[in-house]
């Protein structure tokens, strides 16, 4: 089966079409802007899969309708998913703009005095606004000389932010969300909303009963040689934690081996269902070998599966990590309890950063006073105002232990193409696999247990659906916190100590939901959240605006908020603008 090509970035150099001196004097400068933009993007960006980003430049500068149409024909044949229009001069606004209604688009108007690039930028954006096709504005803060071919830092930041978000939009379009099972324990996020995926993300939902997973395991619809490799890898790398079950519920060695085997098989079969596996065709399973073209998935698990079969914790944790028995590779996006809305937040974070995502319960707010009462310890530093306990039995990527290191030796989570095998091994070494608690998981299983290193910047996100409004996005930038071991142990043993933990301290602003840490917890819209490495809330905001998803809560500095220029016409408060603009334009793929 032919591999689906990755979306490309289209670069549209536009120019003043007047011949006999004007156009001729601008051709080289205009095309050089396009080439410089393409060079920047190809150097600084990668797709989430790790592949290099490709740019497609119009064959000629665009002065009017004919050249715009020729450019569009080229872009259509090359899978261009977003466009950047560049110019150093006046051009003919509505005659030269990109009119595709769903493709993210930006315009960079050169800030120079010789020719009025800013005037074209304003005219073109006015046309976009009038026609209901929002576009992003890029205009340098400082005047440049006409022969200056450099890209200023503020322009570069906007070009890269737009491109990261635009690539995420283009990469999700046409893919599917694999809903493996149904609603888990009444969790609203697992009431999978097909209209949301279709209208806002351009995706389909593939609904598959969990009996399909059972069928694949029982009928050996998998690569048996790979299973043996996975078992050998687990035997070498898995460290097992204590079994906290009562004696009558503890499994013997043979039973535990069967649980491990099935857990690894679940990982293999869910992966094969998502992306396909050509080796299944070799054993006569051609239909199953194709997969479901899923860029994200969710597994219901509880309780209809987990009351009799091993839970999804091991499978989910390994799939969401950047490595397994096949080595370092791109992490998958698999939401525990089939929480599709948390899965979408995971998908956004992965597409923007190329990193694994940490799925967690937003479990407990610990005030400084409560911690001091329980442990005698007084919080300080990043934790001085209190912390949130992020913990879940399921799909927290092992990368979340933060045993990888950045260029300065700090703990982090890297894009998978930067992770060494030694760093993957360190994450595995920092993880214990604890037998699942019988009261929760009667069919057994293994839960990963690790503790996230402290001082690491994270962005916590969540998508919620509000009746009458549609989807909204929540964002909270902050840091992981490291507590003294005895303090962590006391707090952790008050909940389920066999699960992975991140102690999270959001950055406070003193206003609204970020007045204090309690307010962050109180305003969080659901029981789950996602941790993405770094303070990348601004990228989430830009991506959300492209999809027409308003942001209902964030602590990103106002100077970093970057949305289409038409948002400014929807009022004077930037967050109110966001709601009104998203309502006005409606979902990106209106249905």
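For all residues, glycine too, the Cβ spot is worked out from N, Cα and C.
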## Note on the structure
Cross-ref Swiss-Prot: Mn(2+) site 337, 528; candidate in list 313, 324, 361, 516 matching that site is 361
#### Entry: Cβ within 8 Å of the mean position of the Cβ atoms of 337, 361, 528: remaining residues of the chain near Mn(2+)
187, 189, 336, 339, 342, 359, 360, 392, 394, 526, 527
### Task
Only counting partners 6 or more residues apart, tell me which same-chain residues put their Cβ under 8 Å from the Cβ of residue 361 (active site, proton acceptor).
390, 391, 392, 527, 528
### Same-chain residues at least 6 apart in sequence whose Cβ lies under 8 Å from residue 337 (active site, proton acceptor)
184, 185, 187, 189, 190, 298, 299, 300, 301, 302, 394, 528
